[in-house]
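Record features, source Swiss-Prot:
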| type | residues | note |
| --- | --- | --- |
| SIGNAL | 1-20 | signal peptide |
| DISULFID | Cys83-Cys100 | disulfide bond |
| DISULFID | Cys92-Cys220 | disulfide bond |
| ACT_SITE | Arg250 | active site |
| DISULFID | Cys317-Cys325 | disulfide bond |
Amino acid sequence: MKITSTIPAVLLGLAPLSAAVSVSGSAEGFASGVTGGGDAEAQIPSDIDELKEWLTDDTPRVIVLDKEYDFTESEGTTSGTVCASWGTGSGCQKIIQDDCGDSPSSQATWYTAGTTGIDVASDKTILGDGDKGVIKGKGLRFRDGVSNIIVQNIEISDLNPEYVWGGDALYFDGSDLIWIDHVTTARTGRQHYTFGYETNTRITLSNNFINGETTYSTGCDGYTYWTFEMVGEADQITLQNNYIYMTAGRSPALSGGTLLHAVNNVWEKNNGHALEGGDAGARGIFEGNAWIGVSTIVGDYAGRLFNAPDSSSAGDCESALGRACEVNAVSDSGDLTAYTDTSFFSDFSGLTIAPATSATDAQSSVPNNAGMGKL
């Protein structure tokens, strides 16, 4: 009797292993409708080799990360010349580069794994279990036409943070229908998010914690400069409910032909500038956001921009979003210059638009709910 009564208990104990972790909610904004690995059985990779194999194969998968997967030393080290382009202090980043010009140069060694991300194949869901799912020392790449991918509730961190070109956390270059949600990125060698020149369509970045606090930075002060690089030819990106903390620039760098809807994000502690961008083809609507302790909200920017500066202009969003915009909020920051260009609003036609709450609501909720472990 003891044996037969124990078997069901064991089975009941094992059953939730794969079933307990599942996608929370659904994508809003441009990536609406993404399914990732769909109803594939959830599986936990045993080590970094199995994780990499599952991420890159052609099989639709739901991959659950229940521990730290440390790639740091997995590919050995590389040595070469680095340049002290921003100073020689202990907190200054150096750049991996052969020609240093007038900057001091030295030899250095870094971990090879961090410099190139794992190429994630189509139809994948990557989920963290609670606050345990960490990929350390290597990022993820979405390129060459991959589509239908969900990444939720994980951390990607520690990609040679001392060296520019040490590694991107998340890299997109020719991808479609991708949802990155409740992901924490920290201590990257270069960008937290890089969008390359090939077009990336139907992308939603939501509820993520971009932790810019770092030991090494271009300002030698612990604030990362390398945040979002958006240079795609015709990218479509929803930036929703993200907490962007301790940055100094590229927050984002909105360039190329990118179409951006930035809604209900919170920037806090930026000692440089948030928005920048050098291309006239870039377009962005910023609504319901909060900037707290941001020295300069808009730096050098060449594109078209609407930032809902007041309630009288918010109604202009109706033609782009199907509703009025939420007004942005600023505290302990530089001035929010009014940008009210509506000439690109028709470009939102046919896209799914993320909902918005007030900037006040975002300011109180986003910092406490963004990132891994906050589902």
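Glycine is treated like the rest: Cβ placed from N, Cα and C.
Keep in mind the model is a prediction, meaning the values are calculated, not measured.
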Of the disulfide-bonded residues Cys83, Cys100, Cys325, which one sits closest to Cys92 (disulfide bond) when you measure Cα to Cα? Cys83
Taking the Cβ of each of the disulfide-bonded residues and counting other Cβ atoms inside 10 Å, which one has the highest number: Cys92, Cys220, Cys317? Cys317
Which of these disulfide-bonded residues has the least crowded Cβ, counting other Cβ atoms within 10 Å: Cys83, Cys100, Cys325? Cys100
Whole-number Å distance between the CA of Cys100 (disulfide bond) and the CA of Cys220 (disulfide bond)? 18
For Arg250 (active site), which residues of its chain lie six or more apart in sequence with Cβ-Cβ distance below 8 Å? Gln191, Tyr225, Trp226, Thr227, Phe228, Glu229, Glu276
Of Cys83, Cys317, Cys325, which is closest to Cys220 (disulfide bond) if I measure between C-alpha atoms? They're all disulfide-bonded residues. Cys83
How long is the line from the C-alpha of Cys325 (disulfide bond) to the C-alpha of Cys83 (disulfide bond), rounded to the nearest angstrom? 45
Let me know the DSSP-derived helix, strand or coil state of Cys100 (disulfide bond), please. coil
I need the CA-to-CA distance for Cys317 (disulfide bond) versus Cys83 (disulfide bond), whole Å please. 46
